[in-house]
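Taken from TrEMBL as is:
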type: ACT_SITE; residues: Asp16; note: active site
type: ACT_SITE; residues: Asn64; note: active site, proton acceptor
type: BINDING; residues: Asp16, Glu207; note: Mg(2+) binding site
type: BINDING; residues: 17-21, Arg29, His33, 61-63, Trp65, Arg67, Arg188, 194-196; note: substrate binding site
Amino acid sequence: MLDERNIPKHVAIIMDGNGRWAQKNNTTRLAGHNAGMRAMKEIVKSSSAWGVEHLTVYAFSTENWKRSVEEVSGIFKLIVIYVDKELKELHKNNVKVNILGDYSKLPKESVERLEKALGTTKNNTGLQFNIALNYGSRDEITKAVRLISEKVKNGEFTPEQITEEMIGQHLYTGGLFHNIPDPDLIIRTSGERRLSNYLLWQSAYSEFAFPDVLWPDFSPAEYMKIMEEYQSRDRRFGGR
Ligand code: FPP
């Protein structure tokens with residue numbers, strides 16, 4: 001049973017293990033990503049039902065371009081399929097879609113669907129479903145440094161006036177873009193224990209969970225187990 005007063009405001013997920021799931025099930029990597037998309041759908045539903053305010057998923061990293069052309073274009077195609085199939089339901093459930101990352105580099109068809117999802121859900125007030133796409137934390141921090149440097153150059157403030165808050169504001173999650181709080185809980189499936197360039201600045205005080213299950217097998221029941229375990233933790237944010 002979940003304690004309603006202690007639901008993490010922001011859960012961030014690294015959906016890892018689609019490829020291994022595919023191998024285990026004797027199918028193609030793309031079929032693995034498709035199964036991953038189905039798992040993601042269920043986790044969005046649970047997050048919304050449990051009152052999580054922000055769910056951020058790592059759908060495509062700045063490093064994922066190194067994969068084969070077939071796999072990369074297959075993932076982008078899945079985005080089109082996902083929006084076509086799910087946008088109505090997301091909107092009905094008051095879910096707001098946000099994108100973290102420079103999605104303009106994706107194929108035109110994917111960009112169009114993403115913009116449709118952003119436009120349709122922009123005034124929704126329920127779960128904020130943040131999709132990290134062509135996202136990398138170092139790239140995000142580099143862009144923030146550039147933006148701040150420009151402002152210093154223009155005389156808006158001096159280097160001494162730069163604060164941690166200001167840096168946070170200039171990240172994709174920051175007030176200048178989306179105003180997403182730092183993640184309370186970061187989940188990476190498939191037993192890997194790395195951040196892989198995900199939310200490096202924002203994860204300073206996050207709790208971590210590393211379930212062994214491969215992403216396509218990550219069910220609401222597995223998610224519930226992690227939420228219960230999270231609720232039993234004592235978070236001190238560097239204090240006592
Ligand atoms: C990691 O597994 C997964 C990805 C890089 C892609 C995640 C994409 C989806 C779940 C598709 C749906 C997304 C949207 C927004 C519609 P992996 O391929 O690295 O697995 P492996 O480590 O076992 O090879």
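Each residue, glycine too, has its Cβ placed from N, Cα and C.
Feature map: TrEMBL annotations on the structure.
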residue	record	CB count, 10 Å
Asp16	active site	22
Gly17	substrate binding site	25
Gly19	substrate binding site	19
Trp21	substrate binding site	25
His33	substrate binding site	22
Asn64	active site, proton acceptor	16
Trp65	substrate binding site	11
Arg188	substrate binding site	23
Leu195	substrate binding site	16
Glu207	Mg(2+) binding site	17
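Among the recorded positions listed (Asp16, Gly19, His33, Leu195), Asp16, Gly19, His33 have a CB atom closer than 6 Å to some atom of ligand 1, in sequence order.
Rounded to a whole number, the C-alpha distance linking Gly19 (substrate binding site) with Asn64 (active site, proton acceptor) is 13 angstrom. Checking each of the binding-site residues Gly17, His33, Thr62 against Glu207 (Mg(2+) binding site) by C-alpha distance, the shortest gap belongs to Gly17. Across the fold, the C-alpha of Leu195 (substrate binding site) and the C-alpha of Asp16 (active site) stand 11 Å from each other. When the Cα atoms are compared, Trp21 (substrate binding site) and Asn64 (active site, proton acceptor) turn out to be 18 Å apart. Glu207 (Mg(2+) binding site) falls within a strand when secondary structure is assigned with DSSP.
For the pair the residue listed as 'active site, proton acceptor' and His33 (substrate binding site), the C-alpha distance works out to 13 angstrom. In three-state terms derived from DSSP, Arg188 (substrate binding site) belongs to an extended strand segment. A separation of roughly 16 Å, to the nearest angstrom, links the Cα atoms of Trp65 (substrate binding site) and the residue listed as 'active site'.
There are 19 other CB atoms within 10 A of the CB of Thr62 (substrate binding site), with all protein chains counted.
In the three-state DSSP classification, Asp16 (active site) falls within coil.
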